[in-house]
Amino acid sequence: MYKVNEIKELIRALDNSSLEELEIRGENKTKLLLKKTASSASAPVSQKQDTAQAENREEQAPAPVFEQQQEQAKDPASAEKETETKSKADTSHLGEITSPMVGTFYSAPSPEEGPYVKTGDNVKKDSIVCIVEAMKLMNELEAEIDGEIVEILVENGELVEYGQPLFLVKES
Amino acid sequence: MRDKLLAILHDSGSSYISGQEISDKLGISRTAVWKHIEELRKKGYKINAVTKKGYKMEYTPNSITADEINAYLDTKTFGRVVHSFDQVNSTQIPAHEAAREDAPEGTIVVAEEQLKGKGRMGRPFHSPKGTGLWCSLILRPSFPPQQAPQLTLLTAVAIAEGVRKVTDLPVDIKWPNDLLIADKKIAGILIEMQSDPDEIHAVIVGFGLNINQKQEDFPEDIQSRATSLAIAGAGQYNRAQLLAEILKQYEYWYFRMLEEGFGPVREKWEALAVTIGKYITAVTTRKTLCGLARGITKDGVLLLETEDGKIEYIYSADIHEQRST
C-alpha cells in the first residue's frame, strides 16, 4: 500500500504534468493507476483495494481515478480487508483532528453553552474545536487545519484515547 | 529595591530597625531609604519612624503587588514576572494572552478581584476584592501533552504544602485536586492547556485560595461547603506571603517532576490525600459510579472498585464521599 501522503504527492505531480495517465507496478503485484480526464479536476479521489482484475478499472467513474490493486486471492483475510478498506475509502482524503491525550471529550465550553463547532462549520488552524479533559486539566484543542468540519466522530462526554480521531475535516 | 526594603521591614517584625542598618543592607544612602519609606506610605503602608530607634512596620495594606510578592519570594523563576490587576473578569484571560505572547515560564497574573472567576465547566468561582489569592501561573513543560494531567496533582500538592508551611493548618486533598480543611473547600483550581496533538504550548494553572473571608462573605448556596484560612485558623493571613510560599513549593515540585518523573509528586500527593480507601460516588457526564477508591495509577488516574469487584479508571468526575447515615 502507498501512504496517503505519497499518493497525494503523485496526484499533484500528475496534475502539474502533461501526462494523461500514470501507472506504477510495484512489488507484490501492487499496481497504482492515476488517470486524468477533462471533466473535473476536483472530483473526489477514490481508493480501492480488491482482487478484481485490471479490466474492470476502465469502468470506475469519477476522475482523476485512483486505484490500488493488490492481488491476494490466496489470502483468507482478503475479503475482510477489502470491506474494511472500502468503508474507509470515502474519508481517506480528509484531514483528522486527533486527541492529544486520554480523557473526556466535551463539545462545548460548559453544559449551558452551545458546541464549539458543528458539522459544516468552517474552522481555522487556531479555532478551538473541543475540550479534552483529564483529571481536571482542560485542553482546549485547536484545529491545526483550515477547512470544513465534515464529521464529528465522538459524542459529548465520551472517553477518548490518545491519538483517537475526533473530527474529519475537508481541508481548504 | 522597594521589595527588598519591604522584606527587611517584614523580617524585623515588631521591633525597630535603624535607618543606618537598612542603608547598609541595601547599599543605599539613608536619604534614599527615607524616600522609599515615603513611597510605601503613599501606597497605604503605615510605617512608624522614631528618632534613634528607626523604622517599624505598623500596618501593611495586604495588597498583592509585585513589590509585596517579591519581598517574600524565594524562587528562581516562578513569580519573577508579575502582571497585577485591580480587577479582571478572570486571571486566566490575561494569562492566556500573555502565554500566546511568549511570556516566560513562571510568569504570574494576579488580581485583587475577579468579576467572573470560573472553575471547571464554566462554573462560577466567587472571588471578592482583597480577600483571597486569585492567580494564574504560566508553565511551559517539555513533556508531551498526555503527561500534562499529572500537573493537576502537582498543583494540589504545591498549594497544600504552601498553605501548610505558612499557616500550619491541616489541608487535605480530595482527588484529584480539591483542597479541603475539615471537609470544606478552601481553594479552586482550573488548569487549561494550549497545545497541538504533540506539543504543549503552555499550561495555565489558575487557582483561587480563600484566605481572609468571613463565613458570611460566601454566597449562601456554598456557605456549607466553603471556608477560608481565616475561618479555619487564627486571624488574617498575609496574601503575598502565602503566594510566595506556594510559588516556592510549586517550583520545587515542578522541577523535581521534570527531573525525576511523577513518582515523588505522587508519593507526596498520596500522603496528603483523603480520598483513597473511602467509599465514594464518582459522577461523570455519562454515568455515576459507586465503590471503593482503591488508589491512583502511576499517572494519577483514580482506580474505583465497584461492588462487583470491577476496577474502573476515573479520568474526570465529581467525587463525593459516601457518608454513613
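Including glycine, each Cβ sits where the backbone N, Cα and C put it.
Feature annotations, reproduced from TrEMBL:
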DNA_BIND  B:19-38  DNA-binding region
DOMAIN    B:67-258  domain 'BPL/LPL catalytic'
BINDING   B:Q114, B:K185  biotin binding site
Checklist outcome for this item: Simplified to three states, DSSP reports B:K185 (biotin binding site) as strand
Next on the checklist: Across the domain 'BPL/LPL catalytic' (B:67-258), what does the mean pLDDT come to, as a whole number?
Outcome noted: 94
Item to check | Secondary structure tally of the DNA-binding region (B:19-38) (DSSP, helix then strand then coil) | outcome: 17 helix, 0 strand, 3 coil
